[in-house]
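Structure first, then comments.
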Amino acid sequence: MLLKELSSLASPLSQPQVEKLKQLTAELNAVQLAWVSGYLAATANAPGNLAQLAPVSDAQAAQTVTILYGSQTGNGRGIAKALAEKAKAQGYSVNLASMGEYNVRQLKQETLLLLVVSTHGEGEAPDDAIELHKFLASKRAPQLSNLHYSVLALGDSSYEFFCQTGKDFDARLSALGAKALLPLVECDVDYEAAAGQWHADVLTAVKPLIQTTANVVALNDTSSALAASESEFTKQNPYSAEVLVSQKITGRGSDRDVRHVEIDLGESGLCYEVGDALGVWFSNNETLVDEILAGLGLAADTKVTVGNESISLKQALLEKKELTQLYPGLVKAWAELSASPELLALSGDKEQVRQFILHHQFADLVANYQLKADANLDANKLVELLRPLTPRLYSIASSQSEVDTEVHLTVALVEDEHQGQARFGGASHFLASAEEGAEVKVYVEPNKHFRLPEDPQTPVIMIGPGTGVAPFRAFMQERVAQGAEGDSWLFFGNPHFEQDFLYQTEWQQYLKNGDLTRIDVAFSRDQAHKIYVQHRIKEQGQTLWQWLQNGAHLYICGDAERMAKDVHQALLAIAVEFGGLSSEAAEEYFETLRSHKRYQKDVY
């Protein structure tokens, strides 16, 4: 078989391994290829490797539990790793892998498959899961009558397509003849309890199907290697860092408050790569908590139980409970507690609930929808009603090659006004209000799907309006440290040039030094007709298409709801106009770029 024809479907290699092999061999001459061929043949025929290549018996295969995860953040991976550890402790052989590293040709050999998968954007599969998701939906997918499976779906009920990817996997596996060990488990953002219960239930369901032995060795289990590379500080055990700077970087006349935040990681040993995110735990605003307590007529010092702790109600609302983000279940529960005709009517319409959630907080429910006389909502019932506080993720705006033990963020203060009452985002207000020396609990959330090219000579195109420019500041710091000679192109947009040009002097310095090849900006409200980044992209379509033909990697960061979609449509239009592609071929072209890691998005 010619190497150019090689694919993961025609070999025992995964698609990422195929791409690495193609990249390596493309750089070798005939003599070098011959030497590598001999080396690989000798390695493969070594006694130890021959033993590893021996076929697995049916009995051995039947005793292996394959656990696959697909998640845009680390939540799915964490759940899968914890399940793998519990399964190994019970004597099961475990194959733990990311869906992105899994060879789909192996699927028809599986007998026990446990999936943990999140949903990204509007019902889309996360990057890790795309290839497996597509394979199962294709005509190439095999019948799976020998397979038992279970799916844990992660999602956010405030979005329309809640847990859609998990639903897709469950439906497709069933259609292919696989047998469900358990009904599909759908988890909201407060997934910990449901995931823990699934661990227990699925291992109980697996037990009658396989034999265990105390001496079983886990096969292809990468969880130990993963754990070794991770810091001791995690989402569950964050590092108490110090805020060094929280500086407004929009002008006095701007209607947006955007902060440049610098945080000292000190002696934590926390490391990050450009493209990663920082998880930030925060406390709710005390004024907001006092307003809620007064509105409900509850005493701040009333003792409540949260988990295994007995704390005051006020402390629970400050530190443990989500107050600034509503979710459908809470709106529906409050409709029943208040018996409000408006809320009751609204709660039956998913789209109306979604719109309501976007513009209201829990304090608005308390203020505007009074509880009915027999609601009987005491302090403990209140904390049970509210879901746990969750950290917020911010794209990191710095490279450790330049800032060492610091980490920088670009934070837009989320603020709104409802019936004359100011409302702020929980984490953004916490960071915007933080004074020098304040403590903030943080952890690094890796994002391997938003990485610079391995070769610093590769051109990059960066599209980041608003705070979406944050990771590209990190990209530029890293490329300067690398001495990268590849061209770089930034598209940036915001309302006004004078008020909202984030990091303007830094971009100008990069241009002057030749580190940034070009920048195109769109300031939407500086002229009568609004101009956005997608318009600039279309204007530069011929040049941008040429960059892509020359191997450029394309990155988008920022708003998923509108910007990323509009930019994608602009890119498709360029492929049609300047590449001569049909609409279908243009979609396929960018899908190919994505699968080759040349089209990456960090959208939210």
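From the backbone N, Cα and C atoms, a Cβ is placed for every residue, glycine too.
Feature annotation from Swiss-Prot assigns domain 'Flavodoxin-like' to 65-203. DSSP places the residues of the domain 'Flavodoxin-like' (65-203) in helix, strand and coil in these numbers: 59 helix, 33 strand, 47 coil.
Close to Ser71 (FMN binding site) in the fold, though at least 6 residues off in sequence, lie Arg77, Val116, Val117, Ser118, Pro126, Asp128, Leu154, each with a CB less than 8 Å from its CB. According to Swiss-Prot, the feature FMN binding site maps to 71-76, 118-121, 154-163, an assignment based on sequence analysis.
As annotated by Swiss-Prot, domain 'FAD-binding FR-type' applies to 236-453.
The annotation FAD binding site is assigned in Swiss-Prot to Thr324, Leu358, Arg392, Leu393, Tyr394, Ser395, Thr410, Val411, Ala412, Gly425, Gly426, Ala427, Ser428, Tyr604. For Thr324 (FAD binding site), the Cβ neighbour count at a 10 Å cut-off comes to 21, with all displayed protein chains included. Thr324 (FAD binding site) falls within neither a helix nor a strand when secondary structure is assigned with DSSP, and so counts as coil.
In this structure, Ser524 (NADP(+) binding site) belongs to neither helix nor strand by DSSP; it is coil. Around Ser524 (NADP(+) binding site), a 10 Å sphere centred on its CB holds 17 further CB atoms from the protein chains shown. Residues or ranges marked as NADP(+) binding site by Swiss-Prot: Ser524, Arg525, Lys530, Ile531, Tyr532, Val533, Gln534, Asp566.
Around Lys530 (NADP(+) binding site), the same-chain residues at least 6 positions away in sequence with a Cβ under 8 Å from its Cβ are Ser524.
In this view, Ser118 (FMN binding site) is surrounded by 26 other Cβ atoms within 10 Å of its Cβ, with every protein chain counted. The binding-site residues shown are Gly74, Gly121, Thr324, Tyr394, Ser428; of these, the one with its CA atom nearest the CA of Asp566 (NADP(+) binding site) is Gly121.
In space, Ala412 is the closest of the binding-site residues Gly74, Asp156, Tyr159, Arg392, Ala412 to Ile531 (NADP(+) binding site), judged by Cα positions. In three-state terms derived from DSSP, Tyr532 (NADP(+) binding site) belongs to neither a helical nor a strand segment and is classed as coil. Within the set of binding-site residues (Arg392, Arg525), the lowest number of other Cβ atoms found within 10 Å of a Cβ is recorded at Arg525. Ranking the binding-site residues Asp156, Phe162, Thr324, Thr410, Gly426 by Cα distance from Gln534 (NADP(+) binding site) puts Thr410 first. Less than 8 angstroms from the CB of Tyr394 (FAD binding site) sit Ala277, Leu278, Val280, Leu409, Thr410, Val411, Ala427, Ala470, each of them six or more residues away in the same chain.
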